[in-house]
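Here is the structure we will look at.
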């Protein structure tokens, strides 16, 4: 996890512009560098480093003797870099996983390069010999990337939008900043004056398609057909592999553990694999909640079952409310459910950074979208409609759950790894018949639970524990986190102010006081940037007006049972 930043064709003094790059210093607390591009005085790269792989030669932009005309700034992890190096017999100059991008690009061009990368990434690649700039981002947008480009060809790129919004450009007083789309790469021409012109924007991978790099994978051969035992076996193989490949790091590994199905499976398999790899330290697991939190109780059960070194972080409503401003600044969004869920994750990340030496943190993000884990999937009109919704959620992960997971951990210099969004695992899961993936017998994620039923990886009551939203599970059922927030905000936002909400906020007009309160904080940090959020996250096929799972009838029925 790092912070990348680059400018091409800047009209303003670069030493002043570089101050903007310091806005993302939290993403790389170990080192930073600014580097001008030879022959282009108005182009430069900025890099903040979290040293996770190759402590000695890992600084960026990466340049190697063999390709003196290539400059690479990237944020991510390429899990198959050694396999590809051996397969194509590339001569490496460093031990940095990202070096593979330079070799693949030289061998086969940009399209083949991005399709061959098994991992998560956002990159800026400059080819001064062919006068090209390339931008690319992984399938689900696990690693963030923002860009701003003006009509006269000034290009600015950064891991987070906060590193771009204060840039100066003579032709454009208000620089339009937007997220770079996941699963895409862009080709731009570099002009002699350092400015750029976009040539094409290409979608190189759809989450349903098996990735090209599967051809060079060492995963044991999967069994064909959709017999239930065959499918379960294949899922176990792929998920095991998804975690194993993510052990690639020189820093200590930890795991977030909410006590729900997803994080519990990740923690259990991760601990097993660390033992097999003969790692010398115990796995630290981390849970957060208020007193009487069902998440804390469930996480404790899992930690005792798997034998991890477990940490519990307690917080109260006042502490949660106090960090709302910091959280919204870090997130760069005002989406209601994202803000609610981010408070716990932000506070636990702060604890990990301050009290432990775990830096690479595993988590269960992406499973609800992939395996139809949200409570409202019980209301899906058909398996096909549920499949469509699952793919829509995956496509928008970079606006919601993946955004939350990245920003709350990166704010404290941690790197998050999300095995449920592994290319091989997710594309296989999405290839299964729609009726295999829907909730069954009133239980969501039935297939995933069934897959690990006989494994004894986690306690049975956790394996079949119903879905609990992270923002709700951290508090007791009697007093949900969203109700605590709403009670507090009710006294902060006047009824008269709400009456004029549509005039003040035309884009995504807040309908509740809670939404209004978050929007006010957002506008204070990012005025005029409301269009970063295309719409609020809300459940489908229900008349609910609040995104909390605890407001849905299915949850209420389960809570009474």
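Just so it is clear, glycine is given a Cβ too, placed from its N, Cα and C backbone atoms.
Pulled from TrEMBL, these are the features on record:
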ACT_SITE  2  active site, for GATase activity
BINDING   97  L-glutamine binding site
BINDING   256, 288, 363, 364  ATP binding site
DOMAIN    2-191  domain 'Glutamine amidotransferase type-2'
SITE      365  site 'Important for beta-aspartyl-AMP intermediate formation'
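All features noted in TrEMBL, drawn onto the structure.
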| residue | record | CB count, 10 Å |
| --- | --- | --- |
| 2 | active site, for GATase activity | 27 |
| 97 | L-glutamine binding site | 24 |
| 256 | ATP binding site | 28 |
| 288 | ATP binding site | 27 |
| 363 | ATP binding site | 25 |
| 364 | ATP binding site | 24 |
| 365 | site 'Important for beta-aspartyl-AMP intermediate formation' | 28 |
Distance [Cα-Cα, Å, rounded] between residue 256 (ATP binding site) and residue 97 (L-glutamine binding site): 25
Spatial separation of the residue listed as 'active site, for GATase activity' from residue 97 (L-glutamine binding site) - C-alpha basis, Å: 13
Farthest-apart CA atoms of 256, 288, 363, 364, residues recorded for ATP, distance in Å: 15
Cα separation, residue 363 (ATP binding site) to residue 2 (active site, for GATase activity) (Å, whole number): 18
Length of the line joining the Cα atoms of residue 365 (site 'Important for beta-aspartyl-AMP intermediate formation') and residue 288 (ATP binding site), in Å: 16
